[in-house]
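> Here it is: the structure, laid out below.
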Amino acid sequence: MITLGGSLGTGLIIGSGTALVRGGPLGLWFGYSFMGIVCYFVMISLGEMGAYLPHKKGFAGYATRYVDPAFGFALGWNYVFKYFIQTTNNVNAAGAVVQYWTLSVPIEVWMVIYIALIFLINLLGIRIFGEVEFWFCSIKVVALVGLILMGLIIDLGGNPQHDRIGFRYWRAPYGPLREYLLAEVHDSRLAQFLGFWSNLTTALFSYIGTELIGVTVGETENPRRNVPRAIRRMFFRILVFYVGGTFVISLTIPSNSSALFVASTSPAGAAASPFVVATTIAGIKVLNHIINAVVLIFVLSASNSDLYIGSRTLYGLAVERKAPRIFAKVNRAGVPWPSLILNTLVCFLTFLNATSSSSVAFGWFASLIASFGAITWMCISYTHIAFMRALKAQGMDRNTLPYKAPFQPYASWFALIFTGIVLFFNGFSAFLPFVSSSFITSYIPIPIFFSLWGGYKIYYRTLTIPASEADLITGKREIDEEEARFLAREKLKGPRSGIQRIWDAL
């Protein structure tokens with residue numbers, strides 16, 4: 001549930017508004033669909049490694065095993081930095097959501113309340129956190145399905161005006177494509193392409209978080225059965241929630257609507273989510289406030305789970321002596337409180353919107369998250385390529401693996417190369433004209449990653465691991481034995497009823 005709910009956050013529910021304005025309905029839908037394919041390729045690569053050898057070190061542990069300890073070190077810290085920023089961004093987004101209702105209370109007050117709330121939930125321990133996050137995620141999943149159905153009903157005429165919208169907003173002057181930075185490039189076709197390309201970065205930002213399965217795999221019951229299931233379901237989640245959600249948004253909202261929240265330009269008080277705008281345009285009273293409350297749950301849940309994952313990732317690095325040992329301390333409830341405190345303190349970066357608007361801060365944070373996330377996806381893809389090379393060099397048949405990822409090795413290579421291209425052009429708008437703040441937030445993660453990789457490699461003099469020497473065995477026997485014990489316990493329970501099988505499938 002954390003993996004599912006944690007990936008349904010500000011990128012889809014808020015960032016899609018920016019994508020619609022810049023790329024138009026076709027650019028929005030195609031951008032999210034295309035990056036959904038890339039996301040799926042990354043997930044199946046991670047799933048193959050996770051099902052074969054699940055452990056609590058996450059994908060950074062696989063990078064250390066199959067590529068280079070320095071590579072795993074850099075990937076681990078890259079992921080920590082990503083969650084530093086992602087938690088902060090979600091707190092900032094929560095402030096933007098509340099400002100739809102009132103501007104009389106300074107946004108800084110809301111920030112302090114949100115930060116204190118998620119810190120308290122995480123500090124109370126995993127039982128409280130798990131219970132709260134379970135219900136948060138349940139609300140998010142049910143609400144998003146409801147929002148998609150609501151959008152279809154509005155589009156087909158189920159609105160107060162009984163106006164059947166159909167594909168009206170896909171035609172001129174609203175679409176199918178919008179012109180982005182036309183005043184700078186002076187070419188309509190190029191401006192349309194730039195609008196679509198900017199949507200790839202926005203979509204990448206939205207999908208970041210789906211790789212959480214690589215963090216949770218070590219805690220999963222019978223991972224060799226459940227990880228492949230989760231990966232297969234990920235395809236349908238992408239299809240329904242992301243592709244379906246953006247398609248409905250493109251049908252119900254004109255891309256030139258001034259009510260849409262656009263990163264870097266929207267004033268305080270603008271509707272943060274396009275779903276809120278859709279109900280307002282349709283003339284449905286009260287529902288816009290209900291949906292805005294649901295959106296607030298979305299972003300608070302995302303910030304809550306992000307704070308949890310960020311603190312645990314830093315704790316894991318400390319346990320491996322890749323971070324200061326103080327971050328390995330835990331309290332009686334098992335909460336790594338020094339890591340939690342540091343992650344919480346970083347959240348106060350959200351006060352950047354005290355001098356800039358929340359939409360400007362959202363744009364900065366989204367660029368940073370997209371860059372850190374792209375590096376993470378590239379590392380996962382390259383690690384899987386190294387994993388497959390190791391299997392071949394050591395005479396192991398991929399057909400014997402618990403889960404064999406389809407479309408390989410082409411899927412991993414495609415994800416690696418295309419994500420690299422998106423990362424390279426992430427900040428293209430910073431040059432039209434040149435804006436230093438946008439340039440820094442788009443590209444600073446790249447030198448950070450290579451500095452960590454190179455610094456660790458030079459200090460510890462690590463070498464790239466040859467495929468024939470990669471460790472494919474350590475820990476496997478324990479996993480095999482645990483799987484055998486689990487299957488034996490399941491066999492004693494007898495056959496599952498029809499209702500139980502349906503629940504398992506859900």
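Placed from the backbone N, Cα and C atoms, the Cβ positions cover glycine too.
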> According to TrEMBL, which stretch among 293-315, 431-453 corresponds to the feature transmembrane segment?
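It is 431-453 that TrEMBL annotates as transmembrane segment.
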> Do the transmembrane segment (407-425) and the transmembrane segment (29-54) share at least 3 Cβ pairs closer than 8 Å, excluding pairs fewer than 6 residues apart in sequence?
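Taking Cβ pairs at least 6 residues apart, the transmembrane segment (29-54) and the transmembrane segment (407-425) are in contact, with 3 or more under 8 Å.
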> Report, as numbers and ranges, every residue of the chain located at least six residues beyond the transmembrane segment (132-154) whose Cβ falls under 8 Å of a Cβ in that stretch; write 'none' if there are none.
1-2, 4-6, 8, 13, 121, 165, 240-241, 244-245, 248-249, 251-252, 275, 278-279, 282, 284, 291, 294, 297-298, 300-301, 304-305, 308
> What stretch, picked from 66-85, 105-125, 234-253, 364-387, 431-453, has the most CB pairs under 8 A with the transmembrane segment (330-352)?
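Ranking 66-85, 105-125, 234-253, 364-387, 431-453 by Cβ pairs under 8 Å to the transmembrane segment (330-352) puts 105-125 first.
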> Same chain, outside the transmembrane segment (66-85) by at least 6, Cβ under 8 Å from its Cβ: which residues?
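Same-chain contacts beyond the ends: 58-60, 208, 306-307, 309-310, 313-314, 316-317, 320, 322-323, 343, 346, 349, 365, 368-369, 372-373, 375-376, 379, 382-383, 386-387, 390, 445, 448-450, 452-454, 456-457, 460, 462-465, 470-471.
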